[in-house]
Amino acid sequence: MLLLAPLTAVMLLILIYPLGLTLWTSLYNGRFSFDAYAELASSTLFLRVLRNTFEIAVGGTLVSLLFGYPVALHLAAQPPRKRTAYLIMVMLPFWTSILVKSFALVAVFGNQGLINQFLGFVSGGTVNLPMMFNRVGVILGMINFLLPFMILSILGSLLSLDRRLILAAETMGAGPLRIFWKITLPLSMPGVLAGVLINITLSIGMYITPALLGGRQDMMVANLVDFYTRQTLDWTAASATAMVLLILSGLLVAMLGKVRGAAGLAGAGA
Amino acid sequence: MNELFGSSRLARGLVSSSAWLCYIFLVVPSLIVIPISFGNPGQIEFPPRQFTLELYRQFFTDPAWWGSTVQSLIVACLTTLATLVLAVPAAYALARSRLPGRGGLQGLFMMPMLVPVIVLGLGLYLQYSNWGLLDTTAGLVLAHVMLTTPYIMVSVMSGLQHSDVALETVASIMGASRLRIFFRVVLPQLKASIAVGALFAFLMSLDEVVVAYFLTGTDSMTLPVKMYSSIRWELTPVLAAVSTLLTVLSLLIALGIIAMQGKTEASS
């Protein structure tokens with residue numbers, strides 16, 4: 001009891017109080033009202049940012065699924081020792097600071113970056129792909145961050161799959177494509193679903209990646225919170241926007257909790 | 001060897017080539033900063049055409065960079081210590097007691113992991129601007145204690161699951177006080193999981209940028225905040241040196257965590 005009191009007090013003071021204060025600020029501006037929310041609902045800026053957020057989160061998640069699935073398949077097919085070696089590569093970005101990754105992505109994909117230097121060299125200076133400070137840049141940064149979560153989630157499902165099923169199907173004459181469609185893919189769906197939910201949850205609250213790798217048009221909800229707080233000094237709008245984000249991510253977390261234990265959500269706030 | 005996608009050579013080739021594309025995409029950003037950091041101090045250049053330590057010299061001699069690095073290390077150390085002191089006893093109490101509100105408390109301690117950091121950043125900003133805690137080291141450490149608590153909790157709770165309750169019972173029968181049991185029986189068994197949690201908390205605090213960006217100003221600016229504004233506004237090559245040092249430190253910590261995790265599993 002005595003051991004729990006100090007931490008509980010800190011959490012109430014530094015976690016619950018500020019969340020309550022945010023809710024209060026969004027509702028109380030001289031008097032109680034939902035005006036701030038009504039204003040958001042009719043603000044073209046807010047609606048555009050909300051649409052961006054969905055587009056980027058869903059787009060990033062789909063790309064991450066598209067590339068993550070083959071990686072999970074590749075990993076699942078390795079003998080354990082080799083798999084560990086490959087997993088180190090998958091986990092490397094997980095341990096690297098998001099700022100280091102953002103800086104490096106600019107160095108690789110930027111206008112004077114590695115890839116454009118190469119393209120310029122082979123094309124004699126005529127080709128330059130704008131891949132940074134626009135939607136492509138945000139998605140690249142996003143999937144670099146999201147892929148490890150997607151891969152590990154799918155890998156979990158693939159490794160628990162009973163391989164005798166596949167052996168049996170092969171013996172009975174099923175081709176590789178058929179085996180994939182009828183056995184591997186359906187049985188890995190729990191991992192896919194959890195991976196998709198984790199990715200969307202992680203990406204809707206993203207702040208650093210759109211700010212550093214996106215353009216002016218790629219503002220996401222988290223950036224809008226910052227914009228209201230620092231640029232327009234409208235704390236009421238900032239709080240209401242933050243509450244919308246909190247509710248959205250709460251819904252996603254609840255869905256994920258249904259799919260698998262909440263423990264699988266490590267780092268969801270990032 | 002490969003039952004998952006059958007024996008078709010085409011399928012295998014497709015899978016492994018797209019997998020390799022991803023491995024490269026995942027690894028290159030963490031590693032490319034290293035060669036850049038030893039190269040041209042005038043502009044970001046890859047492949048580097050010269051070898052020099054100039055960027056490191058600039059990093060260590062510029063008070064804006066070095067000062068914020070020291071500040072980050074101080075914040076990370078204080079955060080780790082404070083979180084350990086608060087969270088380890090709490091994790092022990094949660095694991096051993098049959099309190100009615102147990103689930104609720106556990107939810108409270110895990111919550112920072114589930115709330116988007118920007119929401120916490122704004123809430124703390126509103127709170128601290130009322131309380132005069134903006135741009136103070138104490139305020140930032142408090143916020144980081146809250147953010148890192150779930151990670152130490154997870155690690156210590158899993159360590160407690162592996163530890164032997166019977167030992168505590170024996171010590172209690174032999175007349176040891178509860179305090180003595182905690183320090184002499186429980187803590188020694190938890191050494192490795194506490195170390196894992198502490199390393200994780202240290203790294204999290206060291207890398208944390210969103211909340212620090214909201215709460216710090218010129219007096220208490222941490223390294224990630226300095227890096228953020230530098231990437232945003234100037235994109236100086238010094239960033240490559242900073243990134244290299246940070247990556248090496250992160251990888252050392254990661255190795256430490258993996259080694260310790262191996263230990264906790266071996267001892268159970």
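For all residues, glycine too, the Cβ spot is worked out from N, Cα and C.
Annotated features in TrEMBL:
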type	residues	note
TRANSMEM	B:20-38	transmembrane segment
DOMAIN	B:69-257	domain 'ABC transmembrane type-1'
TRANSMEM	B:73-95	transmembrane segment
TRANSMEM	B:107-128	transmembrane segment
TRANSMEM	B:140-160	transmembrane segment
TRANSMEM	B:181-204	transmembrane segment
TRANSMEM	B:238-260	transmembrane segment
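Same-chain residues lying 6+ beyond the ends of the transmembrane segment (B:20-38) with a Cβ under 8 Å from its Cβ atoms: 44-48, 51-53, 55-56, 237, 239-241, 243-244, 247. In this chain, the transmembrane segment (B:140-160) lies apart from the transmembrane segment (B:238-260): fewer than three C-beta pairs between them fall below 8 angstroms, excluding pairs fewer than 6 positions apart.
The transmembrane segment (B:73-95) is in contact with the transmembrane segment (B:181-204), judged by 3+ CB-CB distances under 8 Å for residue pairs 6 or more apart in sequence.
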